[in-house]
Ligand SMILES: NC(=O)CC[C@H](N)C(=O)O
């Protein structure tokens, strides 16, 4: 499979390594023409305001929206914010997913933490929890319309959502040795 990683800013190399370990061919996307021939796209974690500004500068906003209408897109952390339709602040967003996110929602004292997530939504074979890494992570405050919550923390806060072939995760599966989310995404992109 041929999958893009948006390579404007953030930890796109880690996504690339994970995808390549699963046999995908990876294209770093910096310009609209790099989207040609891709089956899906990952938007990495980083700083969503920076990713948004660079996407505006590189003329990528409309091409990414058009690509998303036809293909799978997965945003991790800052990428999830960029995919959302409302981050409760002025910043460039793709506005594809009908989710409202709150940035840096876990407060300063827990800038980073790990948590075991229930990933039964992936199917019965996935009894084993997914050890997730959160770094200055957003919370998905609302899922609306066609969007659905996939994973919640024990207190009910939503940290993963899906809408058709679009996926948003607050955390960073590319920083773990566990490739189940990447495999799940490749199925969405197929
Ligand atoms: N790890 C991350 O991607 C952090 C996201 C960043 N705090 C933001 O608001 O964009």
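Numbers run from 1 along the shown chain.
The backbone N, Cα and C atoms fix where each Cβ goes, glycine too.
TrEMBL entries are annotated by machine, without manual review.
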Legend entry - Co-listed L-glutamine-binding residue [TrEMBL; alongside 46, 47, 48, 135, 136] among 88, 103, 165, 180: 103
Legend entry - Cβ neighbour count within 10 Å of residue 48 (L-glutamine binding site): 28
Legend entry - Collapsed DSSP category at residue 135 (L-glutamine binding site): strand
Inset, instruction - Give me the Cα-Cα distance between residue 172 (active site, charge relay system) and residue 46 (L-glutamine binding site), rounded to a whole Å. - result: 10
Legend entry - Coarse DSSP state, helix versus strand versus coil, of residue 47 (L-glutamine binding site): coil
